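> Structure in structure tokens, see below.
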Number of protein chains: 2
Amino acid sequence: MLQYALLHLAGYDSVQEDDLKNFRQWQSRTPGHPENFETPGVEVTTGPLGQGIANAVGLALAEKHLAARFNKPDNEIVDHYTYTILGDGCQMEGVANEACSLAGHWGLGKLIAFYDDNHISIDGDTEIAFTENVEERFKGLGWHVIWVKNGNTGYDEIRAAIKEAKAVKDKPTLIKVTTTIGYGSPNKANSYSVHGSALGAKEVDATRKNLAWPHEPFHVPEDVKRHWSHHVQQGAALEVEWNAKFAEYEKKYKDEAAELKLIITGEPPAGWEKALPTYTPESPADATRNLSQQNLNALVKVLPGFLGGSADLASSNMTLLKMYGNFQKDTPEERNLRFGVREHGMGAICNGIAHHSPGLIPYCATFFVFTDYMRAAIRMSALSQAGVIYVMTHDSIGLGEDGPTHQPIEHLASLRAMPNVFMLRPADGNETAGAYKVAILNRNTPSIIALSRQKLPQLPGTSIEGVEKGGYIISDNSSGNNPDIILIGTGSELEIAAKAADELRKGGKAVRVVSLVSWELFDNQSDAYKESVLPSGVSARVSIEAGSTFGWEKIVGSKGKAIGIDRFGASAPAGRLYKEFGLTPEAVVAAAKFLC
Amino acid sequence: MLQYALLHLAGYDSVQEDDLKNFRQWQSRTPGHPENFETPGVEVTTGPLGQGIANAVGLALAEKHLAARFNKPDNEIVDHYTYTILGDGCQMEGVANEACSLAGHWGLGKLIAFYDDNHISIDGDTEIAFTENVEERFKGLGWHVIWVKNGNTGYDEIRAAIKEAKAVKDKPTLIKVTTTIGYGSPNKANSYSVHGSALGAKEVDATRKNLAWPHEPFHVPEDVKRHWSHHVQQGAALEVEWNAKFAEYEKKYKDEAAELKLIITGEPPAGWEKALPTYTPESPADATRNLSQQNLNALVKVLPGFLGGSADLASSNMTLLKMYGNFQKDTPEERNLRFGVREHGMGAICNGIAHHSPGLIPYCATFFVFTDYMRAAIRMSALSQAGVIYVMTHDSIGLGEDGPTHQPIEHLASLRAMPNVFMLRPADGNETAGAYKVAILNRNTPSIIALSRQKLPQLPGTSIEGVEKGGYIISDNSSGNNPDIILIGTGSELEIAAKAADELRKGGKAVRVVSLVSWELFDNQSDAYKESVLPSGVSARVSIEAGSTFGWEKIVGSKGKAIGIDRFGASAPAGRLYKEFGLTPEAVVAAAKFLC
């Protein structure tokens, strides 16, 4: 509610008095937790604890990076602070510690975090579960720490702290502000009962009396209005000033200005998609993680806002941008981000980067199974419409020896079930390029690209255009949209489906092979197109995918057969695992013969 | 590999020389990452970073709790240290910080963690992403910290550090041991190339020469064997000693001994299930989160190893055990655990508690949507066969005003897809009791119980026995296993299905209503039983569930209709949301009429 009240006072049209009265109602601009896609003025969606501080690290990283690339000695066109507030609950979340450790490492001097130290969380006094020394921890994380002891009315202290924080340029600053939750309420202040519940009419009255506040509910007194209206004028003046500064910049630094404009507007440079590599069946077999790296390195040449990295697996995820060095404290103009083993922080930081400027396109990488570590951040990408690209390698039991802790099983299904996510599982080079095309074009939807550790052949029939439709035919020897059987595969198992088709065709069968690289994209196609790929009259269908069969009934129907893995994996060479788990052309052929 | 070598040297039958040679091979006892269910001597499954240290916190908590409950001035029957090793990667993970903050808060003085400070992670020198001051952070977390500067050969220093750690009884200890990764290898030591790859024959030779190690591969020289064999004897002697101590204890403290035995063996006390509450349709409507609390408070009276708590939402999740106080530093005999806002740490700590003793039954709670924060820990419960109970309230858009960040949509589907998990969504009191019965009985499978914030009526036809089968008929006016239509619901939507059935029956239809409270349990039933509930001849089926329809095609078939929510939720009162999202008896009736 506080955030909405501030937006209202600060003159945002998006939050009128009626919006405040509509708090938490259907289709209001003031939902229970602020959402960036509902309310102009809200920069990131918050709610789940710890996400906000990690987003702020991403926002501050974006500023530091863009400033380093675009600022000139005579024109600092990128120059802003990132302010954030976090509470005791946020401080307890691991994701906050991950992101703050990176903020310290990167020396994000323009990040200023207010820690609302009110000693109350939902369960009551933080004494029951949170007695660590936060200041000492943050000093250990490389932050500058200031303590404002009277956060309720110590305005001068707060101003002085901000001034001090700005003066410290090589470290982020945590301003610990000790406050009383529910300040002003004579009977409920300093108790958990004001955390998530309304005060109630009686206590509201008592609070009004206590604070000597005689005004009607929702009424903003004239002097308050007048005071806040300065901000509107000040903001407008700053915008005019910045526009003039940019006009200057544009005159003097034409190329840089054009590039910065692309980043600010999010418009993709003309013809960028020509950079995507293509392949023929004669191109060498390769792991899709390697093909992914070809795409990353091709895209960074044409997309000015493209940057990213891995959670300590750059050489396994194949995510290094060869033209660039590492984004570090003293080299912030570089584009390789080194997140360390901090998957959750990585995802939430990338959300912040994506929300900083529409043309910033962050990617982040780890093993596919570790989407589990960062799932809350992935969901925030999806909900808050951040087009983060998740480069997820080692995407099945195909990773082999590392065993079941490292082998995704349920992950494809679990992410297909999440709204506003493109879950892509390319089979070879053309499909990997197609996956990146989809990911780059959809700036309001995160894409998760599942990539193989093992080598895969370049298959005849695959294409970028096919991937854009989510599902498409890669080979067919039937006529009249009426094959004897349809074999459906994704990613590394598309090759197995293709091999099984060859075998069945030798036996005289009319066989169609379909690549179902993204279920969501396929769902978005017209009924006519879907019917042309998976005709409803053909119930003989076999799917193969090295993952849970959960959800595949939708594709193969109740008469079809889904081949997959509905148990945890095992540690052994990949080839052995495929055989033991029955993921073979022979198994597909046998299932197909049973059906047609 | 090191862990297997140590087990081998320590005389564990489970790891013979042949097992070592079979490292990372199909069905070997030496998989790529140690698994507790594959290799006796491995206490917890490790691999994903940060889980081990959090498990260790759980193991140490279990010891402190049991010691406080069972030790007597003349007989300290529970008395052991918990040792764990963590590396730079673990230190970066948020889950480790969460768990270590709790370890400090709880004063787990018998937890001793060795931090292998080798400055190398997979991406190379930790300088690129990890420059925080770990010692300072741990001091802030309330730990005692010791630094052993020569971890490669400083055996006396290490011994002294352990002695010092044991002397500090009110704080856990971190022993930072600075080491050289690949110590002894003349060309690869201190580089990331030894992190996950073998040295190679040439470098192995060079290392042997450098360390003056003349023996054949896998050969253990006699003097080494002799030295280690002391441990076997020593261990056997300690066991004899402890058994004698327990015999003494049993004589003197009969009741306590009987209780401790149940915890050590995991045998449930006779007749425990009689404690489960039951309900009739006349019992008052209630939120299943409240009914859950009735179960928790009933179970804790009959299950000596039952304990748990919430991630700062005890009063929302309704998880407080009223007979008990809080497990705290100075009251470790109590059973309410206060995890603070640390979902991931909570799950991993519960895995440690469950693996400490088969009769310890930990439960943990948060909002269902925040399973995303702790998904990696849930997967470890499932993989490592820890029967943790996940009490997940606020299980759908039914939570209302908090909005989409707090409303689960894809979570049911995503957890149904995970192997070895019981995902239970009870509809009322009897089903909630049934869910707890399943959860308690299955000690090698975690149960996730999704519970409502909103009131639900006690439905006719629900039962504990029904829940044990996963899916069952709650009402039917058809005969001959041939209804006109089958309506299928789960949790809070079972009521809607029942109302729709009433309406359809008024119109003369033969309608069956099925509760599908757990898909996994239903899958486990015989084909005959499944056919008796969902006869294959009846294709007219409508399901209703306030969540993603992903996966429901398996149940309703390609001719049926799944009613659900395939987008993010919204902030509004629950009743309004149900209407806007079309989750109403009218929608079910309309879909049914279309089909039959």
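The backbone N, Cα and C atoms fix where each Cβ goes, glycine too.
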> Using only what TrEMBL says about thiamine diphosphate binding by A:G47, A:P48, A:L49, A:N118, A:H195, A:F370, identify which of A:G89, A:G142, A:G345, A:G398 is listed for that site too.
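Only hit among A:G89, A:G142, A:G345, A:G398 in TrEMBL's thiamine diphosphate site, alongside A:G47, A:P48, A:L49, A:N118, A:H195, A:F370: A:G89.
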> For a quick check of understanding: among the binding-site residues A:N118, A:S316, which residue's Cβ has the most other Cβ atoms within 10 Å?
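Top count of Cβ atoms within 10 Å goes to A:N118.
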> For the recorded positions A:D88, A:E343, A:D402, which one has the sparsest Cβ surroundings, going by other Cβ atoms within 10 Å?
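Selected from the recorded positions A:D88, A:E343, A:D402 on minimum Cβ neighbours within 10 Å: A:D402.
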> Taking the Cα atoms as reference points, how far is A:N118 (thiamine diphosphate binding site) from A:D402 (substrate binding site) in Å?
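Just about 45 Å between their Cα atoms.
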> What whole-number value in Å do you get for the largest C-alpha pair distance within A:H195, A:R289, A:S316, A:H394, A:D402, A:H406, A:R453, the residues recorded as binding substrate?
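Of all Cα pairs among the recorded substrate binders, the widest measures 48 Å.
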> Whose Cβ lies within 8 Å of the mean position of the Cβ atoms of A:D88, A:N118, A:I120, the Mg(2+) site, other than those residues?
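Once A:D88, A:N118, A:I120 are set aside, the remaining close residues are A:G87, A:D116, A:D117, A:H119, A:S121, A:T126, A:T179, A:I181.
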> If you count CB neighbours within 10 Å, which one among the binding-site residues A:G47, A:P48, A:G89 has the smallest count?
A:G47
> List those binding-site residues among A:I120, A:F370, A:H394, A:D402 whose Cβ lies under 8 Å from any Cβ of chain B, in sequence order, or write 'none' if there are none.
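Listed binding-site residues passing the 8 Å Cβ cut to B: A:F370, A:D402.
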> Look up A:P48 (thiamine diphosphate binding site) in the DSSP assignment and reduce it to helix, strand or coil.
coil
> Just to verify a number: CA distance, A:H195 (thiamine diphosphate binding site) to A:I120 (Mg(2+) binding site), in angstrom, no decimals.
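For A:H195 (thiamine diphosphate binding site) versus A:I120 (Mg(2+) binding site), the Cα atoms are 8 Å apart.
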> What Cα-Cα separation, expressed in whole Å, is found between A:D88 (Mg(2+) binding site) and A:D402 (substrate binding site)?
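So the Cα of A:D402 (substrate binding site) lies 38 Å away from that of A:D88 (Mg(2+) binding site).
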